[in-house]
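K.L.:
This is the structure I want to talk about, given as structure tokens.
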Ligand code: PEP
Ligand code: MG
């Protein structure tokens, strides 16, 4: 984080404490965070503390402004060069994109204009101006309610740190964690994270970050057990302390006792055996023991997630979120960029299908290319997703043209987000026709037919799924939004998120309506919300009629194993029983009764919570409802 003048009254020294501290605090500690990359790791801590950067604050004379701006521009180039050098050292080509994003931020006109304006108007030195403009940009990003966007604030901060150290004539040393160590950090910048591929570290723990932070994405890609979002971590760990990282349950054991280490080793053995068991099924289909096949695909947002998704056995991409392509840049991507990105994805995944969702921006997912300065009173129900695409027709058409051209290289499926009714779908279809006509006019080769489908994530769309099904090639249920809109719950709001319940009877009915409509129309129905990644719901979803599930890739082996060890009959019987339940609490109880004996270990290894905890949560939600009723 780049400190502001408010929290950094004195210039402070940048620290990287990868050396042993004088006195290691005694005693065993346990810290909880977000398990973002499964697995168990044990090793000596390698502490990286880069939180504090020296930000000199000085006023400059008016006639020194030009020189200061020149110094700033030289630093921009210097920081670009540093990143270029690091990129050249990387062995994993796919991590380069993360560094490219940092390089793009260094070219961000908003950053450059803000900083130069501050130097000119406030007569301050470049370091101070960078620190202030980075803080302003971060403030805007921090307000986004979507995690994906909120977390970009850390990337902006890292870019700012690099720029400030470069202005000071320094270059940040690369981290060099010893093999087998556990990297413990406040946060790792993208350059550090990308370099982790070179070291065989046992685990990764950070104070910052979430599921979509670069640290999490890279940790998953490299299969390094990782826990992020751990409060007060650096105050508790010294380099050399033994640390256990439990990426499954989101736990960190600091200076564990011998008994804990022994227990962990046992657990690791079981975990490895469990993983090996699943690995045997890698090339096998997710087929129930009575012969019903379910296609398991990956949800992706960045190219660097592809390799690991393939390793986990994904049969193609069920949801590619193109929002990332629009972030950290001033202009929307061109037709050519859309074309190249989709073509690369198709080539990587051939012969499997790749389902690309057109940009799902607006509301809290703002990007500079679409900024209007207008504040919407109710953005979640405002100009977002398809509605925004129809308003920003040029960008929408550019994306469609790129995708139609890419369709020559493989089975691309184009998915429209947040469609609420047939009028929006028809307007979307018209845009396809227009994009096609433009390609014909330009003489640009493209596929005559592309598969077009919609996300079912607004209750109105689910209710009229039979009507929608007549006009599309597939439907994909987005339970993240469907639950939010059906139950009128803002997931980010702590006051109400205990009501966020996938097994609510209304949700189960909407899923069933959509599956039935798809079956009747003879088109595939998939589910790509988080619910698909959770093994507690696999039986219910398959039982309700889903034959395609798209999920976090790391969940695929466990979910495949559950399906292969079950019969369609028993899954359908459970689905029928939960559809009869009057409350989610009853439904959850039934689900747990049916699966916990059979798949207790599967749930322990993936759901990030024990069965006890699951039942406690359900009971607590029920209790709260009763108390508050
Ligand atoms: C969903 O709403 O379930 C979904 C997959 O879309 P997103 O999470 O990107 O809004
Ligand atoms: Mg959605």
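Every residue gets a Cβ built from N, Cα and C, even glycine.
Just lifted these from TrEMBL, have a look:
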- 1-41: region 'Disordered' (REGION)
- 178-250: domain 'PEP-utilising enzyme mobile' (DOMAIN)
- 214: active site, tele-phosphohistidine intermediate (ACT_SITE)
- 277-566: domain 'PEP-utilising enzyme C-terminal' (DOMAIN)
- 321, 357, 480, 481, 491: phosphoenolpyruvate binding site (BINDING)
- 457, 481: Mg(2+) binding site (BINDING)
- 528: active site, proton donor (ACT_SITE)
K.L.:
Please give the average pLDDT for the domain 'PEP-utilising enzyme C-terminal' (277-566) in this predicted model.
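P.N.:
That stretch averages a pLDDT of 92.
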K.L.:
List nothing but the one residue from 214, 321, 357 whose Cβ has the fewest other Cβ atoms within 10 Å; the candidates are the recorded positions.
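P.N.:
Across 214, 321, 357, these recorded positions, the one with fewest Cβ atoms within 10 Å is 321.
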K.L.:
What is the one among the binding-site residues 457, 481 whose Cβ has the most other Cβ atoms less than or equal to 10 Å away?
P.N.:
457
K.L.:
Which recorded positions are spatial neighbours of residue 480 (phosphoenolpyruvate binding site) here, meaning Cα within 10 Å, out of 214, 457, 528?
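P.N.:
The recorded positions passing the 10 Å Cα test are 457, 528.
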K.L.:
If you measure from the C-alpha of residue 457 (Mg(2+) binding site), which of the recorded positions 214, 321, 481 fall inside 10 Å?
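P.N.:
Checking Cα-Cα distances against residue 457 (Mg(2+) binding site), the recorded positions within 10 Å turn out to be 481.
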K.L.:
Could you tell me which of the recorded positions 214, 357, 457, 528 have their C-beta within a distance under 6 angstroms of some atom of ligand 1?
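P.N.:
Only 457, 528 meet the Cβ criterion.
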K.L.:
Measuring Cβ to any atom of ligand 2 with a strict under-6 Å cutoff, which of the recorded positions 214, 321, 357, 528 qualify?
P.N.:
none
K.L.:
Can you check which residues sit near residue 528 (active site, proton donor), meaning Cβ under 8 Å from its Cβ, same chain, 6 or more apart in sequence, and list them in order?
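P.N.:
Listed in sequence order: 299, 318, 319, 455, 476, 477, 478, 549, 550, 551.
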K.L.:
Pop the Cα-Cα gap between residue 481 (phosphoenolpyruvate binding site) and the residue listed as 'active site, tele-phosphohistidine intermediate' into the table, whole Å please.
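P.N.:
Given the Cα positions, the residue listed as 'active site, tele-phosphohistidine intermediate' is 24 Å from residue 481 (phosphoenolpyruvate binding site).
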